[in-house]
């Protein structure tokens, strides 16, 4: 009976995950259709490229947030850690004159260190993830302002930095198809994240911790270690976000970053990752990130005030969370009936 119940629950979760991705993708297509009919400017090449570019930063941050949320945690620091990483890149390259590759590595390492501190605070000090990452969010913002002197750091002396994200390798091969490199960074990061989540021990333990942390601990898994690793991975993705945003803006803006964490979490939730932990996919997160960008872009084209854009986005997140709750209740009933 127990085996049957487990099989039923597992099949139900797999079916629900597939359904969630289909619904999210259908929602994305629906938004494209609605905004295309509402405005002739929506499906222009330049606007579509704008949507792709706008998704790069939020998408990369959301990838890291996916791992954390799968463990039933939360990371409110991804946005300001991204900013701190960008500021460190600016300091290392512009102020210290280090080679670009060392500056970029330093920025990503900064994100990794911040993520590791988050992970140790949560796993070893037993501070709730919300509180731990809220503290890091404020600390990273403060450090960004202190290190930069509260002033932007520009990369005008190193044009190659801007070229990292804004040049188009594809456009140099196929004239006219000027897709910014940053878009391919996002897709490359998504592939790596998907492999980590689906093919490595870190991914398996992330799901196990999110499903039942105590049972995972009792089975002999070093839960504290793998939790710290997950938060560190989220920090690495924030560092990559710092590389992309710094390159896009051709500067490190120390006041930037607040609000990105909410967009990233919204993308993860809309993509079907459960805030209760134990469920989620990278594909769903990428779809969720594109839904966020398409929605923002379409509403802006229709001249909807930013205040109402936030209301619409918030409403969608609430609906997504409520739908996840209903889905989980249905799965629990099926598991109970199967037992």
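Glycine is treated like the rest: Cβ placed from N, Cα and C.
These figures come from a predicted structure and were not determined experimentally.
Per TrEMBL, these features apply:
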| type | residues | note |
| --- | --- | --- |
| TRANSMEM | 22-42 | transmembrane segment |
| TRANSMEM | 48-69 | transmembrane segment |
| TRANSMEM | 76-94 | transmembrane segment |
| TRANSMEM | 100-120 | transmembrane segment |
| TRANSMEM | 127-147 | transmembrane segment |
| TRANSMEM | 182-207 | transmembrane segment |
| TRANSMEM | 228-249 | transmembrane segment |
| TRANSMEM | 282-302 | transmembrane segment |
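With respect to Cβ pairs under 8 Å, the transmembrane segment (127-147) is most closely packed against 100-120, considering the stretches 48-69, 100-120, 282-302. Here the listed stretches are 48-69, 100-120, 182-207, and the one with the most C-beta pairs under 8 angstroms to the transmembrane segment (228-249) is 100-120. For the transmembrane segment (182-207), the partner stretch with the highest count of Cβ pairs under 8 angstroms, out of 22-42, 48-69, 100-120, is 48-69.
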